[in-house]
Amino acid sequence: MKENKKTYWKGLEQLNNDPEFVKHADREFPELPSALGEDGSASRRDFLKLMGFSLAAASLAACEAPVRKAIPYVNKPVDVNPSIPNYYASTFTSGGDYASVVVKTREGRPIKIDGNDLSPINKGKVNAIVEASVLSLYDKQRLTGPMAAGQKTDWKTLDAEVKSKLAAAGNVKIVANTILSPSTLESLNLLSEAVGGAEVIMYDPISNYGITKASETYYGAAVLPSYSFDKANTIVSFGADFLGTWISPIEFAGQYAKTRKISKEKPVMSRHYQFESNLSLAGANADYRTPIKASQSGLAVLALYNAIAKKAGAATVSAPAVEIAHLEMAANDLWASKGASLVVSGSNDPNVQVVIHAINELLGNNGVTVDFATPANFRKGDDSKMNQFVSDLKGGRVGGVVFYNCNPVYDFARGAEIAEGIAAAKVSVATNGTLDETASLVQYVAPDHNFLESWNDFEPKLGHFSLSQPTISPLFDTRQAQDSFLTWAGAGVNYYDFLRQNWEAGMFTQTETGGNFQEFWDQALYNGVYKLEKSAEALAPVGDVAAAAAAVGKTYAAASPAAELVIYTKVGIGSGTFANIPWLQEMPDPITKATWDNYLTVSQKWASDNGVTMFEENTQKAQITVNGKSLIVPILIQPGQADGTFGLALGYGRTKAGRVADGVGVNAYDLLDASAGFVNFDITSGVEVAVTGDSYKIARTQTHQTFMGRENVIQEATLAEYKQDASAGRYKPEIYKDGEFIKPSKISLWSGHKYSQHHWGLAIDMNSCIGCSACSVACQVENNVAVVGKQEVLNRREMAWIRIDRYYSSDAPADDLEGMEVASTNPEVTFQPMMCQHCNNAPCETVCPVAATTHSTEGLNQMTYNRCIGTRYCANNCPYKVRRFNWFKYHDNKDFAGVNVAQNSDLGKMVLNPDVTVRARGVMEKCSLCVQRIQAGKLAAKREKRKVQDGDVNVACAVACPTDALVFGDMNDPNSKVSQMLKIEDNSTSALKEVNEERAYHVLEEINVSPNVWYFTKIRNKEKNEA
Amino acid sequence: MQVTSSVRQPLVTGGKTYHDVTHDVSRQVEGKPSLAWFLAFLTAVGTLAIGFIAVAATVWEGIGMWGLNKTVGWAWDITNFVWWVGIGHAGTLISAVLLLFRQKWRTSINRAAEAMTIFAVICAAMFPVLHMGRPWLGAYWALPLPNTFGSLWVNFNSPLLWDVFAISTYFSVSLVFWYIGLIPDFATIRDRATGLRKTIYGALSFGWDGAAKTWMRYESVSLILAGLATPLVLSVHTIVSFDFATSVIPGWHTTIFPPYFVAGAIFSGFAMVLTLMIITRKVFKLEDYITMGHIELMNIVIIITGSIVGIAYITEFFIAWYSGVEAEQYAFINRATGPYWWAYWSMMTCNVISPQLFWFKKIRTSIVATFALSIVVNIGMWFERFVIIVTSLHRDFLPSSWAMFYPSWADVGVYLFTFGLFFTLFFLFAKFFPVINMAEVKSVLKSSSEKAAK
């Protein structure tokens, strides 16, 4: 603000220095009689008067209404308008995972994270963890200030002590997860210099070290390539869950979906083979999935190599023979789509990855689907360095250690050794935001800001930059970690300036557009991303595949009889960093539909051999022993699990994550083995599993696994059938009336609605839905959906408005109803997102006695919470069972405070969306098609005096969907994407739209409730219908 | 007046005179309560108190106290509701329909049957209120009251709203009918009483003077009310069945429901009347008024209605098969062979097989057998409603939502509460009100009493 030099007078008296005025100038209210006499003394009467007045005033004041917390701004901050959201581009990173995001803030509070459309990497999409991470800002567990030796301290003291101790420590190590930020690395360099050389050691909880190591061996450069699934016609994955958790799943899911979208005009799609032990998300979406033992996977890769090499005329490698179904077919398909195919492996074994590199090389995929010219920086953790560090730390050879926002005590294979070793270092510092397993063991904790309070930059891939900016001023007395580093380095600059300087000297000088830096910076900050045209040199093989193949041949076996444990990562919980976010704990796992637990996935055969059965949520516990370490875990029978293998998820068994996550599940990191120089997630020997006989309940949101052959629910076909007939797989019920068969929609008791303005609809492509559940978390955040906790999920009372029904195929014939309840050994999997279908003939609307659920003039089935009396008749009468009842008061209730954190404390409540009511106990709720967003879109259009255009309004689930499987829009608008997708013939005002897209269908068409949600048949790229 | 054949079995045995009737019935009201009555009453009040804990927990904490879930939104609540309403059918049927058909044997049992009806309907009415998420609002928002919300009105399309009208109409008519019948008897007690008792019964008898004109009016009102109540016997359970029949859920969406529900209601109502009357006649020594003949006639009604219900069950299965509707077929196969097979077969055994035992005269004239079977029938009828409600809901259209229902302690507690309420009211009635309609029994005495017939 400019200095204000103007002077104002109270009146002419002041200007003229009127003597009367001057006399009383020191008094605030000169016209009132003074309490003091002319001489400054007070009379007894005056004293009593004043006393009386004060007493009365004080008692009156005490009678006033309590102080309300809503305080109007005295000076309104720029850009903060009540009820108008602001959006800031920012970036999410964690353990090498990356997403460029847009943060929605309301009244200065970040409340929702969406993908940044401008990002060339995640292209406006997010996954469940990114979506939920906004709650990490409002975590009660966060440190509120610096700590020294377990006691609160102040920054000055901490800085002084840390600075001197680090300088004196000698051999300082800085441990971190993958650092994508060039400026952070720069600040660490300064710190390193200041303390006489500190090594930065990066590791990742979910390590992909094998690939970079293999690149080093085979190509001579330790880089992780960028993958392009969108350019691949044939995709072969050996245990890589590239849709769920592998390296950059948001990016890959988007690319993959492009190859899975088909239409009559373009009836082509990629063919996806998956060879794996656990049923992963990618495996669930594969056209051909072969369960293999982890011990076979290396040989399977070699066999594929040899098959391709034969076709390519290259030298084969010697490899033990192994029998793997569909492998030959995969080789043929790969060869047929040479140069447009992709082979990936989830193995962390560098030797296996060398062979994978070699296969892609033989197929000519290098430079097409495997891009070394744009190396990715995701997960560049180095397991061998980390191993060395742990040994050094344990051996007392580390003088000082700084943990930069990482938690290796919990999430590294040798965490227990780190926990022991920390005390041996002269000084130990952590910048972690919470007192987690690692931070609780160090001497100094200098808590970092949450990422939503921070400035930072990132380079996820070569030449791809992005920025993060604070979206709220720091809630607590925390300090950005980089500021701490700069302070301890004595750099005398704050990180924001440092960052700008870096960009000014770096990116800005390399840009060709010129201009001034401020403009460049503002634009980059506004966009959140910035791309420099630069690429690394293409790589050509320099290494030898034979050596790696020989090593693989030795490590793996064609038919090992031993039990094997494949440790995997869940889509929702990931590495466990965000385990304290209840939205993620209660997000049903896309495959098992289990919440609030990890468990041992076992094959159906093993279960029947060991007498383990599951009815509903009831199961038993097992003891798993891996090389002497034992864990007691519940058993979950998993169709598709390779026989002889077991699966166990990471990310659980936290002890110091906070109230939500502590004690949930078991910590599988304890079982990991890093002795081979890399963290091995496939444990193929020394595994024993024994049923303990104790019973246990796993809270699953879906306990019936098959769709019972119901064609009115799931409609699917193979690609070959689809090419013949675009309506292949469609179930078209017909009703006989007056001598002819007609569609159920042609006869109705209903007079029907007319939608003169908009007619909102949702089209769901079951072919591109991969089941990742980003939509369900997005919905939870957007609509203030309560979290109810494990017991209530066990009681089948989760509140999710959108769920993803996951169905397995069954081998039983259609008339064997009991047989159809059992899933196939290696089932086909179908995902069906299910939410309120917004029926035009809604069965819920007719039965509500008080008209609390009614039809809008735009086709929505709307729920009026404050009219609802909670008879639950609507929910009973809903054929889709999408209505959710508030069985208890979930907000402001100490019984739910431990799980429903977003509705139970002042801090947690900051995340609530003010546009959506928090529902009271005893009322029904359900998907509203984000009516608040529709309303906001309509109002924005009205303000601008124009019609609502397609894209102005989008529902939270569709925004989050990384594969664009959900398309929302106005079916009255012929130009809307949804109209075009459905090929709506006549965009009139009628409620019943004639849809010409052959794949589109209504679930339960025959009961003619006429939903506004359409599903597209699932098409599998298979030769014939077989699992 | 009807002519009664002399070969007919007398309706009142033991050679009772007019005075005997007055004395036998009134002495229960006038005497001190017996120890047995006290114990029974305390048990009932105790059950009521224990059950109240569950009711209070439900209202205080929420419907989550029950075992319901996202798939099964109604279970014990509506099962109990329909069960109690069904029981409430016998009273009106006995007093109204049998009055119109001039069945004189009804006179000894109609008072107690009507009282039972009213108490059963009160118990039934607890559930529509208690099962609401927000009963404090729902209790009056479900009524079409003028309000300040503008055009906001109840939804006349909803069968639940029809229920509100059906049950409240039934309750009011039954109450009025019952009370009008009580007036001459209250007057009798008033005339025999002194002091405070005289004042109270005097007030209750609305100044009955026993004049010919009064009797004439009494007869007319009874006939008019009987005429009004008769369609209600059919309408109440028909409308209750609409809750299910008009829905889309397989196993609910069935046109057979109205007659099937009405038959079932009469079935269970008669069974409950038998249960209560067998105890009452024993405790109050009224064997001469409620004779074996009454019991046998009621047992015959049970055979008939039980058979109707059995045919309805079989018809449902046939129609499910014949319809070719997959979900419908599955719903019925699931009833018989799914996880709730035991509920289905309990229902079949209790409702269809056990009443057929009454074809044997020995069984239908045995007090012990009748008492046992009357309870079996009501267990069966409870399971019928449970089967319809829970097994239809728990596996409907989308297999992803299929779930089981397990009752919680509060489900059991609320059910106990209504038992406590029912028996508390019934014991109060039995003590303070004439349990047999003296005036009407006297009217049949001349033609039907052993002594009078001589």
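Yeah, the Cβs are placed from backbone N, Cα and C, and that goes for glycine too.
According to TrEMBL:
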{"type": "TRANSMEM", "residues": "B:35-60", "note": "transmembrane segment"}
{"type": "TRANSMEM", "residues": "B:80-101", "note": "transmembrane segment"}
{"type": "TRANSMEM", "residues": "B:113-133", "note": "transmembrane segment"}
{"type": "TRANSMEM", "residues": "B:160-182", "note": "transmembrane segment"}
{"type": "TRANSMEM", "residues": "B:221-240", "note": "transmembrane segment"}
{"type": "TRANSMEM", "residues": "B:260-279", "note": "transmembrane segment"}
{"type": "TRANSMEM", "residues": "B:300-322", "note": "transmembrane segment"}
{"type": "TRANSMEM", "residues": "B:342-360", "note": "transmembrane segment"}
{"type": "TRANSMEM", "residues": "B:367-392", "note": "transmembrane segment"}
{"type": "TRANSMEM", "residues": "B:412-433", "note": "transmembrane segment"}
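Counting Cβ pairs under 8 Å to the transmembrane segment (B:342-360), the top-ranked stretch among B:160-182, B:260-279, B:412-433 is B:260-279. Ranked by Cβ pairs under 8 Å to the transmembrane segment (B:260-279), the stretches B:35-60, B:160-182, B:300-322, B:367-392, B:412-433 are led by B:367-392.
Remark: the transmembrane segment (B:412-433) makes no contact with the transmembrane segment (B:221-240), by the rule of 3 or more CB pairs under 8 A. Counting Cβ pairs closer than 8 Å to the transmembrane segment (B:300-322), the top stretch among B:35-60, B:221-240, B:367-392 is B:367-392.
Counting residues 6+ beyond its ends, the transmembrane segment (B:35-60) has Cβ neighbours under 8 Å at 66, 130, 135, 283, 409-421, 423-424, 426-428, 430-431 in the same chain.
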